[in-house]
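Structure record follows, encoded as structure tokens.
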Amino acid sequence: MSKMMMNGSGTNGTAAVANNHKEMHQRCLNPYRSKVTVVLGAQWGDEGKGKVVDMLATEADVVCRCQGGNNAGHTVVVNGKDFDFHLLPSGIINDKCTSIIGNGVVIHLPGLFDELAKNEAKGLTNWESRLVISNRAHLVFDLHQQVDGLQEAEKGGKSLGTTKKGIGPCYSSKATRNGIRVSDLLGDFKVFSEKFESLVNMYKRLFPNFEVDVASELVRYRDYAERLRPLVRDTVSLVHASLKEGKSVLVEGANAAMLDIDFGTYPYVTSSNCSIGGVLTGLGLPPQTIGEVVGVVKAYTTRVGDGPFPTELHDEIGSLLQKRGGEIGVTTKRVRRCGWLDLALLRYTGMVNGYTSICLTKLDILDTLKEIKVAVSYTLRGEKIDYFPGSITDLAQVEVNYITMPGWLKSTENVRDFNELPPEAQDYIRMIENDLGVPVKWIGVGKGRESIINVKE
């Protein structure tokens, strides 16, 4: 470095003009013309995030997925047709916005292309011009899915109930730095082949019965590389450029807060951060870009797979919620466990995610109940606690403290104005708002995209 530059002089030999640090600091605090709106599941998933995203995506310029893989499942109903999404952002339906699969997502290419083909058959068009995939995203291979099944089988009766989509093994490969990224596939194919064979050999050492036809897999992935190439970009700079241009950017969280690997009911969780932190790391965003955080809350609680569930119902009401709510997993096809709304849980996920508003879904499923219970706190070993247990052993032992509210015994399916809801339904919603200190801005009362109440202030 020259003496002139070391002394802070200008490039023409004159003294450099002092920067206005105050103005510079303000620009750092708010460097963009727009902020990101984030939609996150507030419970154990299946809250109806896809419907909310589809609604908000009609006004968005960019819709992003930031984490997870095809273990997630969203269903969006458009003109009576069910569009099922696992890897694709739900915003792909909007032909005016760009859909981004970010660096934090793990991508199973056979699943991605199959998903595109199935949705094309239902009417999805021109997606090639709207879908952008991060060059930094990691790839889920069939071998990861094979390993997922082998690991679950080894656990026997103590299995975690994973989707066996290979998500955990892929994130493990990422963490141990032998994972393979999109950029590897699109680079020197010889180098990609060597990395793939190395991954196969590692798993062969771990699992004696593990078998992969390496040659046929490499032939398949050479074809995938060319199909994928036109879709791949550096999504970090793309998202930042969109914000600098003042575009509306929407982020669709997959899974949900209680499945977050750090804040969920570990180990009965997924392998990514599906809370607000995953949005930042999964897209390369700094905290000051976050604007609205919409927590999607089902009017009752459901869970797929194993793990503690304090408000779970094992009676006819649980069966009624399952039947009326059509509670079968989009990805796993497993019946969802059902229980009462849990405010203690929602306060906890609200602390982690910082919800600025709530979308309450499936209110109509409660229409036939005479009484509705709501969990308001937990008691552990005889003492009322003001925190959410980090230990699943403790969570499995809590006693749930409920309040009971009257049901409304009227259909809400055709209601489109909050004031036209039965008074008891209005009370139920206001009770949730008052407890969480967060406004309910939307209420889902049916399956279709039009079956939603926009709550006006």
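Note that Cβ sites are derived from N, Cα and C of the backbone, with glycine treated the same way.
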Swiss-Prot annotation, IMP site containing ASP46, GLU47, GLY48, LYS49, ASN71, ALA72, GLY73, HIS74, THR163, ARG177, ASN255, THR270 - matching residue among ARG324, ARG334, ARG347, ARG381: ARG334
From ASP46, GLY48, THR163, the recorded positions whose CA lies within 10 Å of that of ARG336 (substrate binding site): ASP46
With every protein chain in view, what's the tally of Cβ atoms within 10 Å of the Cβ of GLY45 (GTP binding site), excluding that atom itself? 29
Alpha-carbon spacing, VAL445 (GTP binding site) to ARG334 (IMP binding site), which is rounded to whole Å: 23
Structural state of THR75 (GTP binding site), classified by DSSP into three states: strand
Show which residues of the chain containing ARG334 (IMP binding site), separated from it by at least 6 in sequence, have their CB under 8 Å from its CB. VAL304, GLY305, ILE328
Alpha-carbon spacing, VAL335 (substrate binding site) to ASP46 (active site, proton acceptor), which is rounded to whole Å: 12
